[in-house]
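> What TrEMBL shows for this protein is this:
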ACT_SITE  Lys27  active site, charge relay system
ACT_SITE  Thr72  active site, charge relay system
BINDING   Thr72, Asp73, Phe178, Arg195, Gln238, Asn264  5-hydroxyisourate binding site
BINDING   Thr72, Asn264  O2 binding site
BINDING   Thr72, Asp73, Phe178, Arg195, Gln238, Asn264  urate binding site
ACT_SITE  His266  active site, charge relay system
Amino acid sequence: MTQSEPVTSTHEPSPGVVVLGENQWGKAEVRLVRIDRSQPRHRITDVNVTSQLRGEVEKAHTEGDNSLVVATDSQKNTVFALAKDGVGSPEGFALRLGEHFLSTYPWIHGGRWEVEQYTWERIPTSLATHATDGTHDHAFVRGGTETRTTVVQRDRDEVFVVSGLTDLAVLKSTGSEFHGFPRDRFTTLPETTDRILATSVTSRWRYTTTALDFDAVFADVRRVLLESFADLHSLALQQTLFHMGERVLQAHPEIAEVKLSMPNLHHFLVDLAPFGLENPNEVFYAADRPYGLIEATLTRQGTTPEPRAWATVAGFC
Ligand SMILES: O=c1[nH]c(=O)c2[nH]c(=O)[nH]c2[nH]1
């Protein structure tokens, strides 16, 4: 082909029939807040719910036949209606949504339900009328940046549950080294035996059963992640990441795989020498970008991978 030939004229009509592949539909990010006011001491549940269904709906795509399409608006309404009886754990709520849709509609064979949960803590108070433990009965403050997550997927009777957390910000002011790495003509990073180690942990783990107290397991996995981050004298963020994931698998047989994504949030020592000042690891510039990005999947040896559980969970290797 020469440059003067029109490109479109060289194209043959595409052979073959176009068929619909994997598809799902639903309502994304239904922001649901439920207040349990059965006691004077209220309890708040604050979640972001995405419901998506999978079923025999080719004709909706190919012919505009909506007779089998459970409207995304109905899915949103179902999220609110099921919350009337309480939300419970994110995993429990997602499993209930799945059971509701599959038992209501015979042609729906599966789906995906994602729940993010935000934490609220009670505000301290000195009001004797409110306080049972020095905290308010119905006034809350958002707790940190951290979010609890779950993605439940169902394919008929098969259930996959991948839970986790995002944006768990942690920092060690010492107990971290990084040296021994290869040097070439572009290497400028000094070796260090004492640096700040800071990261924002995103982790997801795959459960092998649904017969769990999901809230209790989540709380313990979070504890293990924090303790293992703190405990290890780190020679690299990679070593810290592996230690954290290993401890989770050791503590929780009901978890088959752990994925971790941890940015290395660099803290650079500021050169105060121009001002005639020493800086013995005290004053740092906290850079927000670029950052190192360390990611890994950990499993027990011999574990059968389950790619379907992870297929719609983005952002990990
Ligand atoms: O813990 C670290 N791991 C690396 O791979 C790396 N690379 C780098 O420049 N600093 C660090 N720190």
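Glycine is no exception: its Cβ is also placed from the backbone N, Cα and C atoms.
All TrEMBL annotations are machine predictions without curation.
Are these features on the surface or tucked inside, and what are their neighbours?
Secondary structure from DSSP puts Lys27 (active site, charge relay system) in a beta strand. Within 10 Å of the C-beta of Lys27 (active site, charge relay system) we count 18 further C-beta atoms, all protein chains included.
When secondary structure is read from DSSP and collapsed to three states, Thr72 (active site, charge relay system) falls in the helix class. Residue environment of Thr72 (active site, charge relay system) contains 16 other Cβ atoms, counted within 10 Å of its Cβ in all protein chains.
When secondary structure is read from DSSP and collapsed to three states, Asn264 (5-hydroxyisourate binding site) falls in the strand class.
Under a cutoff of 8 A between CB atoms, and with a sequence separation of 6+ in the same chain, the neighbours of Asp73 (5-hydroxyisourate binding site) are Lys27.
Its own atom aside, the Cβ of His266 (active site, charge relay system) has 18 Cβ atoms within 10 angstroms in the protein chains shown.
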> If one measures from the C-alpha of Thr72 (active site, charge relay system) to the C-alpha of Phe178 (5-hydroxyisourate binding site), what distance in angstrom results, rounded to a whole number?
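Cα-Cα, rounded: 50 Å.
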> Filtering Asp73, Arg195, His266 (recorded positions) by proximity to ligand 1: which pass a Cβ cutoff of under 6 Å to any of its atoms?
none
> Check each residue in the chain of Phe178 (5-hydroxyisourate binding site) that is at least six apart in sequence and keep those whose C-beta is under 8 Å from its C-beta; list them in sequence order.
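Non-local contacts for Phe178 (5-hydroxyisourate binding site): Leu189, Glu191, Thr192, Arg195, Leu235, Ala236.
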> Distance between His266 (active site, charge relay system) and Gln238 (5-hydroxyisourate binding site) at the Cα atoms, whole Å?
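That separation, Cα to Cα, works out to 14 Å.
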> Determine the C-alpha span of the urate site listed in the record, that is the greatest distance between any two of Thr72, Asp73, Phe178, Arg195, Gln238, Asn264, in Å to the nearest whole number.
52
